[in-house]
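So the structure is just underneath, and the comments pick up after that.
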Amino acid sequence: MDIARVSTETDAKGFESGQHGKSHRTRAPAMIVNKIKNLRPVFLTTVVIPTLLAALYFGLLASDVYISESRFIVRSPDKPAPTGFGVLLKGASLAGAGEEIYAAQDYVASRDALQALNKDGAFTRAYGTTAVSFFDRFNAGGFHPTFEDLYKYYEKKVSVAHDTTSSIVTLTVRAFTPRDAQHFNEQLLEMAEATVNKLNDRGRQDLIRFASREVDDAKAKSQAAALALSAYRNQAGVVDPEKQATVQIQMISKLQDELIATRTQLLELRAFAPQNPQVEVLVTRARGLSGEIDEQLGLVAGSQKSLSSRAAQYQRLALESQFADKQLASAMTSLEEARNEARRKQAYVERIVQPNLPDDALEPRRLRGIISTFILGIVAWGVISMLIAGVLEHKD
Amino acid sequence: MTSISQLATFGRSAAIQGRVIYALLMREVLTRYGRHNIGFLWLFVEPMLFTTGVTILWSLFKANHGSSLPIVAFALTGYSSVLLWRNMPNRCIGAIEPNLALMYHRNVRPIDIFAARLLLEAGGATISFITLCLFYIYIGWLEPPADVLTVVEGWLLIAWFGASLAMFLGALGEKTELVERFWHPVSYLMFPLSGAAFMVDALPSAAQKYILYVPMVNGVELIRKGYFGDQVRVHYDLTYLLGCCIVLTLLALSQVTAISREITPE
């Protein structure tokens, strides 16, 4: 046969020329042999061989794959709700659920997760046993596999899909036994939960730690201020200059009242009975009273040890102490708020669907694989033979 | 079974076809751009101006769109790929008519005319994309792509899709001129759906599933994956895109074969 024939025959017979050959009506096996002999190489390589290989692989070689699926959401109370068009305009910015969900998702698809799964070789043992067919097995060649090889294999077996609208994460694990699939799924789910919890704890602790450090600082300050104030009181011998001064001034005014009364009495006596012996007494009393008034006035203001000169220093210390107290109170409030916030902000993984134990192998879809290989082969054959025909239309 | 002589025949025919396509290409360049002013440089200056305009426009509008993605790179990757798949059908519909006289020669077939125009369009779009990339990188508007090979892969797939679509529509357009009438509105309608102006990840996942049925979206996402690397989360179905390309190619080639029998050279 020659390729030149392709052109004319493809033109004439179009797509269904796969079956033609010399239609000798002889015995069946001879006919089949004849037909195979007459198949063109292009048809053979694009349709027959791939379909045979697919039939061989899907029919005999491929191992059953069991799929275990679980679904969870990561709940965090204050999640911004994206609107449809806003998201469209926002382009590729990662709108939607909080970062916890991405953390959980990325952790599952990470090398760390694989490392944890493969502790004492559990993962390699499950996927590398001889029970699994040669083509699907991990490390089928029996070489020394690197961790990166394992990770590449792992990426094909485990998938995490995140639905942006509903925030549901679907975790799918493919394995060669139902128990393995469920086991690994459960383990991964637990690790995802642990990741979210870790993030949470960290955030909460940070929030509270900051607030309580603030409270400690304020406490120390307020204590120091109170101590300074009491030390000054002891040293200066005053409790509260303002109040003390009020008392003092009241006393002075009383003394002054008395002095005025005494002086009036003295004036009366001198006017009507200058010889009265009471005059001497009254004079002495008046002198005593005015001396006492001067002394008391000196205590309030003027002299070195007066209350007014101490008041300035005292005021400063008292103010400081008051301020420190106020600060402490506000720090306490914010600590309380932080605690509340932390309690409220807690994100947590909520399982919607537990990892299932598959009782039937959903993959590989054998018939589908064979048929799609066949159809693809036919289409490829059509394209290639038409291209060849197109080229062969050019002649010297 | 003289397979060697078959191969020799095939090789000779291929060589002839190559010459024919080259000649048609040169003719196309001259008839389309002429020799005056910058001549055939318009081939890629035209799309470059287009893309630059769109890029500037988008930069102005979306300067505060809040996304972390560089808008210039976003616009460039999106709009260049639109040019790639849209211009090829534009040029292939009605490509046979003005070349009917050439059909008098036995070795000039419709597929050669399509091939020449496709090469020209794809080449123009590609050169404009590369030149703009280099230029923007040079003036600092753009970071170099994260993974050039993935960009190339996506680009080639879109080119393949565009080429098969173009041949299919071009061949159909020979039978009925409705194709030409419908292609223009359809191509404009497809523009917002083609993934040029959005990332699939930004859509709600219910819509993601459906938008991925548009073949170009898969290619654009692939280009973006190559360009931005881990900056973006992309969604694409390579198998689906490949399937679309193969099936469309089959349809296109069968239509081209059909019309090449019906054509009567003037």
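One is the number of the first residue shown, and numbering goes on along the chain from there.
Each Cβ is built from the backbone N, Cα and C atoms, and glycine gets one as well.
Note: TrEMBL annotation is automatic and uncurated.
The annotation domain 'ABC-2 type transporter transmembrane' is assigned in TrEMBL to B:21-228.
Within the chain carrying the transmembrane segment (B:40-61), a Cβ under 8 angstroms from the stretch's Cβ atoms is held by residues 29-30, 33, 71-72, 74-76, 79-80, 83, 87, 120, 123-125, 127-129, 131-132, all 6 or more beyond its ends. Per TrEMBL, transmembrane segment is recorded for B:40-61 (among others).
Under the heading transmembrane segment, TrEMBL lists B:67-85 (among others). Outside the transmembrane segment (B:67-85) by six or more residues, the chain places 47, 50-51, 54-55, 58-59, 121-122, 125-126, 128-129, 132-133, 136, 141-143, 154-155, 158-159, 161-162, 165, 191, 194-197, 199, 216, 219-220, 223-224, 227-228, 231-232 with a CB less than 8 A from a CB of the stretch.
Per TrEMBL, the feature transmembrane segment maps to B:118-142 (among others).
The transmembrane segment annotation in TrEMBL covers B:154-173 (among others).
Per TrEMBL, the feature transmembrane segment maps to B:185-207 (among others).
As annotated by TrEMBL, transmembrane segment applies to B:238-259 (among others). Under 8 Å from some Cβ of the transmembrane segment (B:238-259) lie the Cβ atoms of residues 96, 110-111, 114, 157, 160-161, 164-168, 170-172, 174-175, 212-213, 215, 218-219, 222, all in the same chain and six or more residues away from its ends.
Counting only same-chain residues 6+ beyond the ends of the transmembrane segment (B:185-207), those with a CB under 8 A from a CB of the stretch are 69, 78-79, 81-82, 85-86, 89-90, 214, 216-221, 224, 232-236.
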